[in-house]
């Protein structure tokens, strides 16, 4: 495990070095025309939206942190599925935090400006955590495949060592994949308007501002982020469905399917909203729909995941809701003390 952590740390350090080098070269080169971007975000009812998104963000932090604490402290949950789930909760916190704080500050600002380097940095971290989460969801689909289709070999195959390797491998793959995306983005020319019709630095609206040919960029994003991981999930659930249909008992089929229903719901929310942006080229008319889709898979889905995975177990759901209520009470008391 120590070697894996060192490999991941080395990979992350190399990624940061190359990212900074690429940004510096781009600033010195032919991309110096655009030094900052203006994020349009949401222009209607900014005060109300600020309160809504703030509540969602706090719920995301508290719910996912509560899920991590619950899994780490409950000895009955020390199984592969919950190990992956605790890492998913951590990714949801990081993933949401790469986007939401800038969204909140933009709602309070008269003109939401982000520097070129700041935009590239935000996109890099967004891509790291988003890609890693997509890979981890595919790993969790494989875990469900082993649990349902190969139950006799499940514990021997899904050993703690393999689980750690799969998680660390997801982070390494996500980091390298984000580096490829960011490096490709750095090769584009931005020589025209700098107004981004979005609330964060996302690929489709940025490509609309580029003077370069962006077809290769879209192919790289779609190919790595959606097609490969979704293919793994699709194959896993094809075998799972075939196994369930071969069962003679209706009760057995229901119980077996219920073990993967939460994961299937999370996958549908994440991939469904993401695919709506990347499955076809963005146009001027679809950008409002793109923003709505982005809200779902960057802001709403990370908030819902703890509740989705807690629904199967009423005791866990009650504990998660208790943690949410307790932390909201603490936050409310803190806010009122300043009034």
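The count begins at 1 with the first shown residue.
Backbone N, Cα and C atoms are what each Cβ position is placed from, and that goes for glycine too.
Where the annotation comes from TrEMBL, it is an automatic prediction and has not been curated.
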As TrEMBL has it, transmembrane segment corresponds, among 82-103, 192-213, to residues 82-103
The transmembrane segment (261-280) vs the transmembrane segment (123-142): 3 or more CB pairs under 8 Å: yes
For the transmembrane segment (292-311), distant same-chain residues with Cβ under 8 A (at least six beyond the ends): 53, 56-57, 59-60, 63-64, 66-67, 85, 88-89, 92-93, 95-96, 99-100, 103, 126, 130, 198-200, 202, 262-263, 265-266, 269-270, 273-274, 276-277, 317, 320
